[in-house]
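Feature list (source: TrEMBL):
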BINDING   H24, L26, G55, E77, D103, N127  S-adenosyl-L-methionine binding site
DOMAIN    31-212  domain 'Ribosomal RNA adenine methylase transferase N-terminal'
Amino acid sequence: MTLPSLRESLEAHGLMAKKSFGQHFLLDLNVTRKIVRLGQDDGNSFDGQVVIEVGPGPGGLTRAALESEAAYVLAVEKDSRFIELLSELDTAYPDRFGVVEADALKVDEPALLAERGLPPQAHLVSNLPYNVGTPLLIKWLTGPWQPKSLTLMFQLEVALRVVAPVGDDDYGRLGVISQVLCDCEKLMDLPARAFTPPPKVDSAVVRLIPKTQRPAPNIIRNLEMITAAAFGQRRKMLRASLKGLGGEALLAKVGIEPTLRAENITPAEFLRLAEAL
Ligand code: SAM
């Protein structure tokens, strides 16, 4: 079955982007295919596996995911206007596609997968709505369910924060938590003009692959607390910013100079602090 172009689909359903849903669409399939291809580089193949896509909108990234060898693509879309348009993909890709109308911040991914008889493991791909991009990433990083990999389009500023090395201007809480829990890589930049309608800022695709050795949930909670305290007062020395969490004594336990600042501490050192707390 030949699908209409994404523009034709939008027109046929009388759909326009809505700002409140953070809608900036990718209507060039060459771009969405590139994202899916790069997401699978270095042995992170989707072959025979489930892909969850958050915010499919008109379905450009969805179509690219369906063109891969993924066994099933499950899309989670909050805007009810798109459900009918997306359901047409079911005809083109019978038994390989499902769409759920839901808020990705609230969905229980293992339950969604189990309801469809799918395995509990899945890769995530998304051109994220900018307004909820960071909370969604934090949910997938620190929550009870971990994706096999996350290939995510963010506004450039957030992408840079995820991959920022220690000492960098963009280095902060998001980078530490992401890099302690995942191998993180920026895959490609995309200018604002690649989207319809164009957002005010440029974007980039980041891939995060959760590490096999995952810290226990209480250590992850400690890490969240320590990074919040340390970067909440990033100009202060750690002995001051971490005062409420053990201050100098905690730093001495792991051999970190109390006069250093949050931006000088590597993700591995933050993990040691979280373990010592
Ligand atoms: N994937 C499409 C593309 O690349 O053209 C659309 C991307 S657009 C930046 C973000 C999409 O996420 C929109 O379809 C929007 O309706 C949807 N969305 C916004 N908030 C959401 C949420 N909380 N849960 C699920 N989808 C959401």
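All positions are counted from 1 along the displayed chain.
Placed from the backbone N, Cα and C atoms, the Cβ positions cover glycine too.
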Original post:
What's the longest C-alpha separation between any two of H24, L26, G55, E77, D103, N127, the listed S-adenosyl-L-methionine-binding residues, in angstrom?
Top reply: 21
Original post:
Including all protein chains displayed, how many Cβ atoms other than that of H24 (S-adenosyl-L-methionine binding site) lie within 10 Å of its Cβ?
Top reply: 22
Original post:
So of E77, D103, which of the binding-site residues has the fewest other Cβ atoms within 10 Å around its own Cβ?
Top reply: D103
Subject >> Cβ packing number for G55 (S-adenosyl-L-methionine binding site), 10 Å threshold >> reply: 24
Original post:
So for L26 (S-adenosyl-L-methionine binding site), how many other CB atoms are inside 10 Å of its CB?
Top reply: 22
Original post:
Three-state secondary structure of N127 (S-adenosyl-L-methionine binding site) from DSSP?
Top reply: strand
